[in-house]
């Protein structure tokens with residue numbers, strides 16, 4: 001029998017222990033997350049999870065809900081029935097809940113298009129796969145079905161397939177148009193038709209389809225792949241693309257950059273034979289500690305074994321005798337060293353968790369809310385801006401830079417400065433604007449949340465903000481009054497949509513000229529949702545710890561709690577102050593010519609109308625004067641002291657669209673002391689937070705008393 005040296009036996013023992021640990025890890029991963037089932041979907045496993053599965057199993061964004069034995073997936077706020085999951089092809093087949101559940105009116109309920117995934121689907125999703133052997137076919141996704149509601153019958157376009165909509169109670173003529181390979185565009189929509197809904201379908205030919213064919217396609221559903229967002233990341237790391245061979249099922253990393261365990265490697269061999277569960281959980285962390293403790297005991301046993309067999313060492317006889325004579329001290333020293341190592345590992349882990357916990361609420365929010373905007377990495381943001389070369393503006397929030405997407409369009413990138421609010425303003429902006437799609441609200445293209453780096457990517461507005469047009473500098477040409485009126489109407493429509501166009505009210509709290517952006521056609525866009533709040537329609541008022549907004553535009557109820565609760569009427573007040581500035585092309589805080597600087601501008605306007613005096617407007621035609629008067633009257637309604645006396649934004653839109661003869665004069669506006677704080681005391685008018693004060697409440701009581709005496713007189 002050949003006796004191995006103790007060093008060889010030690011190495012063999014360590015190798016055996018490592019193999020043992022790997023087997024235990026593999027068993028832990030599989031036993032901790034057993035497959036779930038719901039109805040006909042029997043094998044629900046990673047990346048999917050069923051609601052109620054143990055924490056750490058599957059990804060939260062791919063959570064399925066089992067409703068009446070039907071697996072449901074929430075995707076971009078829509079509900080979809082899961083028909084099949086193909087784990088070999090990394091694809092899932094979905095059917096719109098409206099098609100699957102509603103037999104009387106079998107329409108899709110939810111809009112669904114490639115726009116949900118990317119502003120540039122061809123660049124970000126498709127071109128990655130254009131190789132012969134490793135090609136991932138997404139061509140079927142390029143087919144969608146558009147449903148249109150037309151007031152008149154369409155007979156001159158064979159693509160319009162009439163739908164029997166007897167059970168839909170929609171009126172008009174309903175048509176379905178299968179648009180293969182994007183061959184149906186908005187210019188093809190007939191006059192008198194409006195878009196009802198659009199969704200994907202697996203339609204692969206150009207032949208004329210009957211509605212029966214379209215109905216079968218919708219009932220079958222459509223395939224989506226999680227290869228790119230999940231599998232590529234797991235196999236190849238965050239910075240790599242990958243491709244799938246249809247013949248072998250092999251995943252190939254695009255740039256030979258692999259992610260093994262928690263380390264990045266440039267050696268992307270094809271013999272990666274295992275992956276350790278990377279999803280952290282309390283149970284998983286406890287098992288790691290258990291295995292480390294077990295490993296300590298195992299290694300100590302190996303060393304004790306080496307000490308016992310120390311006589312077999314052919315050299316260093318004195319060392320062998322030392323080991324034999326002092327086993328206990330050596331055992332203690334080794335145990336202390338291993339214990340210190342373990343404590344150091346735990347300290348590093350705890351420090352990293354504490355470092356990233358500041359941004360954990362951002363991460364949880366982004367995972368739990370399936371938002372449309374794209375998430376960018378900081379290096380992508382830096383590349384878009386060319387190293388932050390072109391600066392568009394600066395504010396208390398941070399800086400805005402001009403950038404360009406890979407697909408070509410320009411964007412404005414707001415880099416947020418470090419905030420003491422633990423990311424609330426960032427979350428507020430993404431939460432509100434991320435769900436809005438309206439022509440008069442700026443569109444959020446994407447965002448970046450990477451450690452301390454936070455950025456928001458918006459569509460670029462080439463004409464900048466409204467303030468430079470309504471407060472023109474000397475030598476610049478102001479907008480015409482007709483254009484100014486059109487802009488005011490667009491702003492009103494945008495705010496009205498925020499208040500009543502969504503499932504919850506979105507209160508902006510910072511309506512001012514600087515936050516109204518203009519595109520190349522001078523269409524206004526409401527922007528900057530950093531102070532916005534989501535508010536349930538059922539709740540009558542909102543409780544705020546302090547007044548927020550910009551001085552000069554803040555509604556009085558944010559300062560003085562005794563005049564009414566805080567609600568969407570605060571935005572109405574801010575819009576009224578903005579509208580007054582747009583009409584007269586001067587700041588409300590600027591002193592009136594030939595008047596005391598303390599003369600309240602809205603009161604002066606009201607007195608001019610009451611005394612039937614003309615307001616002098618330079619270079620204004622009679623039509624312009626009528627437009628300005630209408631804007632002033634609507635503004636006076638909006639800035640009424642009590643929130644209950646102000647109209648809703650829908651009513652404001654109606655008043656602006658109507659004739660001036662139909663408008664009644666509002667009550668005389670009341671001067672509020674807080675409105676002159678910024679002008680008289682030198683406080684910056686762009687300050688975005690202001691607290692209530694006792695002295696201001698006293699002044700308000702005196703002002704309201706004087707106002708009451710004037711009305712009684």
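Along the chain as shown, the residues are counted starting at 1.
Glycine is treated like the rest: Cβ placed from N, Cα and C.
Residues or ranges marked as ATP binding site by TrEMBL: 414. A simple way to gauge crowding: the CB of residue 414 (ATP binding site) has 24 other CB atoms within 10 angstroms, across all the protein chains here. For the recorded site, residue 414 (ATP binding site), the DSSP three-state label reads strand.
Under the heading compositional bias 'Low complexity', TrEMBL lists 685-696.
Residues or ranges marked as compositional bias 'Polar residues' in TrEMBL: 697-713.
Positions annotated as domain 'Protein kinase' by TrEMBL: 386-671.
Sequence annotations record features per position, and here TrEMBL assigns region 'Disordered' to 674-713.
Among the features that TrEMBL reports, signal peptide is placed at 1-31.
If you look up TrEMBL, you'll see 288-308 (among others) marked as transmembrane segment.
Per TrEMBL, transmembrane segment is recorded for 328-351 (among others).
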For the domain 'Protein kinase' (386-671), what is the mean per-residue pLDDT, to the nearest integer?
85
